[in-house]
Amino acid sequence: MSASTDFLVPPAQRLIQNLLRTLHWPLLVGLLLSAVLLGLTTGRYSLTTGQILQVLWDAAHGLEDGSVDTLVVLNVRLPRILLAALTGAGLAICGVALQTLFRNPLVSPKVLGLSSGSALGGTLAILAGLSGPLLMGATFLSAFGALFLVVLIANVAGRTLVAIVLAGIVIDALFAAGVSLVQYAADPESSLPAIVFWLMGSFASASWDKLQQVAPVLLVSIFLLHRMRFRIAVLAMGDDEARSFGIRVGQSRIVVFLLISLVIGACVTASGVVGWVGLVIPHMARLLVGEDQMRLYPSTVLLGASFMVFTDTLARSLTASEIPLGVLTAVIGAPVFIYLLCTRKRRGF
């Protein structure tokens, strides 16, 4: 918040905002740990905090006894929670990187067509019977192709904020139509149910094997995007300004696009298509820490991880049958975004 607009904020709200910005690291870490603990204890098979800690202590000392508690925590819930946290962190950091790079607060992986692009690659891979690294490779290539087309169209149309959003809408619709075509062609007895379930978003298939496949890609890509946060901010100033800082504009932009596509591809492989995270979470982080790039990116990562773990816990606990993640993220994300939109209007959002 700038000094010129401080007088618009009531003193009590300003005090709360200052406290949040001062204590944001303990709050964010505590929020993530609380979400993880809630995820470990909540489910059809209830566990207490003491039981969870005992299982983790025994596992750390090689004392697993094969009990039901151990199987539920170590083989079912823990890999699922870790996969959800990594996916939420990845989607969130892609959102903040895209919003910064394009200088547009409405940009997200979904708006730019990356989610639909990954979905098309994934559905084609499922239709062909591919899985694991091949599935992730297909989602990555199609996500990068979607982003490349958006940038190409936006450059031809003048690189305005409106052109970027409209190009994203067009590409999203195009790839979504491709997904529908694949569903139409899929075998309704075998491939189609798997495709539909995957597209709705879920961590039901989470396992240590899947975590080992996507975790290295997500961890390395998230780390590199975090390291490039200042370069991304400079690229947003324009090509001439970026060159004046000694940045190779074309090379840097391609690297950023590749990293974002890798993250989106890995996330879609892990969970299917999940919207709203890359749009809403960066704005929540800005509300908490402002535009300081040093704090914005890690805050976005922690918030995204917490949000996804919490949402996944709700998805598998609210009803007897698991609720699709895409439904819950929309139900939670849309009202939150409307609130952020209304409260930030006078500050130029």
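In case you wondered, yes, glycine gets a Cβ from its N, Cα and C as well.
A TrEMBL annotation is a machine prediction, not a hand-curated record.
According to TrEMBL, the transmembrane segment annotation covers 23-41 (among others).
Here TrEMBL flags 81-102 (among others) as transmembrane segment.
For 111-128 (among others), the entry in TrEMBL reads transmembrane segment.
The transmembrane segment annotation in TrEMBL covers 134-154 (among others). Residues 112-114, 116-122, 124-126, 160, 163-164, 167-168, 170-172, 175, 213-214, 217, 257-258, 260-262, 264-266, 268-269 of the same chain lie 6 or more positions beyond the ends of the transmembrane segment (134-154) yet place their CB under 8 Å from a CB of it.
The feature transmembrane segment is assigned by TrEMBL to 161-185 (among others).
TrEMBL lists 254-282 (among others) with the feature transmembrane segment.
The transmembrane segment feature in TrEMBL is assigned to 323-342 (among others). Long-range contacts of the transmembrane segment (323-342) within the same chain: residues 199-203, 271-277, 279-280, 283-284, 287, 307, 311-312, 314-316, 349, each at least 6 residues beyond the stretch ends and with a Cβ under 8 Å from a Cβ of the stretch.
Below 8 A, the CB atoms of the transmembrane segment (254-282) and the transmembrane segment (111-128) form 3+ pairs separated by six or more positions in the chain.
Tertiary neighbourhood of the transmembrane segment (81-102): same-chain residues 32, 36, 39-40, 108-109, 112, 114, 161, 164, 203, 206, 210-211, 214-215, 218-219, 221-222, 225-226, 229, 232-233, 235-236, 253, 256, 260, 263-264, 266-267, 270-271, 274, 277-279, 281-282, 285, 293, 296-297, 300-309, 311-312, selected by CB-CB distance under 8 Å and a gap of 6+ residues from either end.
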